[in-house]
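Accompanying notes for the structure given below.
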Amino acid sequence: FEFIGELLVPTAPFDQKSGREAWSVAFSPNGSYFAWSQGHRIVRLVPWTKCLKSFDRSQTITVDDDPREHTLDCGDIVWSLAFGSSVPEKESRCVNIEWHHFKFGQNHLLLATGLNNGRIKIWDVYTGKLLLNLMDHTDVVRDLTFAPDGSLMLVSASRDKSLRVWDLKDDGNMVKVLRGHQNWVYSSAFSPDSSILCSVGAGKAVFLWNMDKYTLIQKLEGHHNDVVSCEFSPDGALLATASYDTRVIVWDHHNATILLELGHLFPPPSPIFAGGANDRWVRSVSFSPDGRHIASITDDRLIRFWSIEEKAPQAIAFLSNGLCCSFSTDGKVLAAGTRDGSVHFWECPRSIASLQHVCRMALRRIMTTQQVEALAIPTPLQDYLTYRVV
């Protein structure tokens, strides 16, 4: 787990206190750009290859015009970021398509930024221009996530206790408000096939939504404190959630069972005192694109790299004041944002996935747990395919 570099924020005399946090870091789906909220309203968009070259001291950096770096002034503190790319065949759910300002083609790459005042600003990544200003939330937009299917459907999670679904192909029209959370919503994530949305928040809540009908499927019970981060595995078979109860839970969300608990405090706190060990609060969880590894950031100044096959972390690195983390598109690098606005990067331990695991992921992309359980196959194979035995 090797530290390879960092992106630092230029220090200004006035930024001693709050407002300088990097609440969000993100890689674009095609791996071309990296974005981070570096505090004080500013988002930086950096070409990822240029970024990697700057970490490698042995390489000479040649500055070319394409792709370009951008600094976006969002006008308020930025809490969340998400990249979205378009697939032209994906029709908008809207009827009056001829009225639209934007025709999003194959080469469009957008960045959505969620702000302190409840606004969401949509930017063109290649030009750095502001395209849309979405206004409906009444409090902090804590998290943003695009549907992975290229439809440019965007979901925003807010402290106003709601989730909102926006259709950017319909000029950012708001399609639906998802209500059910009793408290702040911290984070949301789409399943890889875009059919399910997970949303997590204060009050131990883990919600699963059907995104074809915009209805609540169920709530997952298991955390003892606020749940602040969630992400599906790349094959859609698993769901990881991180909580202030010092744990990351890996769920089989199809049948609402807990497959694995990654503990950050030993012995684990009892449910009654679940909020007591606040130096072990888990802030962020991220699934590696290989489907076998998970990263977690905790208030104990450590970042952990887990294998889903083991109960103990595979690698640990020091990180003071970490807030968020994300894997690069190829899974080789892990980025983490901190309270001082800077981003740190680690090269992830390399390992070759077994052919069994590759086949399991291919199968689980198209089959639910219930469908696998209905197959006439030996029990050990069934257990492997449903991740009961990893």
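In case you wondered, yes, glycine gets a Cβ from its N, Cα and C as well.
Per TrEMBL, the features are as follows:
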REPEAT    134-176  repeat 'WD'
REPEAT    178-219  repeat 'WD'
REPEAT    220-261  repeat 'WD'
REPEAT    282-316  repeat 'WD'
REPEAT    326-347  repeat 'WD'
DOMAIN    349-390  domain 'SOCS box'
Positions whose Cβ lies under 8 angstroms from the repeat 'WD' (282-316), at least six residues beyond its ends: 1, 228-235, 238, 240-244, 246-248, 250, 260, 262-264, 322-327, 329-331, 334, 336, 346, 348-349, 351, 353, 357, 361, 387, 390
Distant-in-sequence neighbours of the domain 'SOCS box' (349-390), which means Cβ under 8 A and at least six residues beyond its ends: 1, 192-193, 234-238, 252, 254-255, 259-260, 290-292, 305, 308-309, 314-315, 332
Non-local residues, at least 6 beyond the ends, that sit with Cβ under 8 Å of the repeat 'WD' (220-261): 186-193, 196, 198-206, 208, 268-269, 271, 274-275, 277-278, 280-287, 289-291, 294, 296, 298, 306, 308, 311, 360-362, 364-365, 368-370, 386-388, 390
Confidence summary for the domain 'SOCS box' (349-390), mean pLDDT rounded: 94
The repeat 'WD' (178-219), counted residue by residue under DSSP: helix, strand, coil: 0 helix, 25 strand, 17 coil
Helix, strand and coil totals (DSSP H, G, I; E, B; other) for the repeat 'WD' (220-261): 0 helix, 22 strand, 20 coil
